[in-house]
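Just below is one structure, and these are the notes that go with it.
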């Protein structure tokens, strides 16, 4: 049986001056007479003959090589392999062998040069919902000011840190977390191994979640105001930590001066057809503003308006640019529901405006990290390079949920085996370049989902498997605050509980696992920058290997009973002296002995 081996990393892809050397390994019987490298120049398909190499990379392994000219053409170099016999042909792509030529966007792809933020793939991100992470002392009186929350029809509720979260008035209940509280807890985050923070919205807004922006140019006084963000920026820089903000540009809040539903005298668009901001929103014939998904407090912004476009992203002091400049110097934006942003109350010309946001950000801060929020398929935006990455729900979170927690995003039952899970993950990332895969934003859960610990239910023993997976799969791992100490909770608002700072309320063994996995990732170039090959996926067991030059990291996930797994022969496993770095599995002569419900990591 013929087998082919290729990953878009060294030793298979190497740059030599103005050429990119592409190598394919073959093992097994019935080798082809010829191999052509299918590549493209300015979107035109080309076939380049590959040459069989005299030297073998390993005994029994044959290498074929060809070169791609880098002196011209687009930076994203897509390619696949056409194997030819005298009477037939087969194609080899990221998803294996096929009798059909691959779709253009499902080939191997590398970016040379890579214009994305070079720092992103090395990070350990930590997502913070500011009101629920840490409360600073002393506090300004303005931070605990009680006001009427129009969207909820009541005054906001202030609670003590240890009071339980309830379903009542979820968007109006405040626990007092703030940005100075985050600053005070940076030593804790440093101890965990965190290198970058992603904050849910911090700008002035009436709700606790702040997705109903009232002022894009000032931090909410409840969080400590502009000064607290400056202090946090300074403190994170002192520790070498990155800081990414949440940009809510699909809609504003209805209390924003631009809209002014509640008649505060700003001349907003809601009640004033002559308002200078009237065309920043869309209205039906009866004068009702078009909103986001039926939430009247979140009127949609209309990007048909040139003046709105200038205010949000195009202008020299636009909102997007403002927070990336000194003295703020933020490291990027997470773009809320970015796929829905557009014109005339909908998503018309969405791609044009998302590209404009990213272009403005990169002009201001070339290394800015732009992450789009997509619960669905984000590849359309990624393939068009209008985002650096997406929150990887579709390519990581949801298949992992299906395999370990047997549920989907609608919390409906979903039973999938290892083969289905890996086919799902591999199919999704096949549409992305290698560098894009490394920048995808991977999470087990977030402020918009139930906590993964809660989703597991009676299968709570599988939680460590997910943690190991998070730090070993291609992409940027992000911890949702509190996951590392065992915080649980169903969907909003229960997934937004205050952080349990009392040690007796923390799962210290889980915290230690997070620390170990973060340390492993930081030590391993293969985990941060390597390719990924699934070696085995059947029933309850997933085995994959990360590869970069001579570095190897082998990962085995077993959600079921103790078992033995015979790995298929692979040159990725040959001549490797393995050391077990996490877990208790054993590897002997290509046979894995895996304990029940376990995750094991080996490195060479």
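Cβ coordinates are placed from backbone N, Cα and C, and glycine is handled just like the others.
Annotation comment: Swiss-Prot describes 336 as active site, nucleophile. Long-range Cβ neighbours of residue 336 (active site, nucleophile) (same chain, at least 6 residues apart, Cβ-Cβ under 8 Å): 201, 211, 246, 247, 248, 249, 250, 373.
Taken from Swiss-Prot, the feature active site, proton donor covers 373. Within 10 Å of the C-beta of residue 373 (active site, proton donor) we count 23 further C-beta atoms, all protein chains included. DSSP gives residue 373 (active site, proton donor) a coil state; it is part of no helix or strand.
In sequence order, 375, 492 are the residues near residue 448 (site 'Transition state stabilizer'), counting only same-chain partners six or more apart with C-beta under 8 A. According to Swiss-Prot, the feature site 'Transition state stabilizer' maps to 448.
Look at residue 336 (active site, nucleophile): DSSP puts it in coil. Residue 448 (site 'Transition state stabilizer') falls within neither a helix nor a strand when secondary structure is assigned with DSSP, and so counts as coil.
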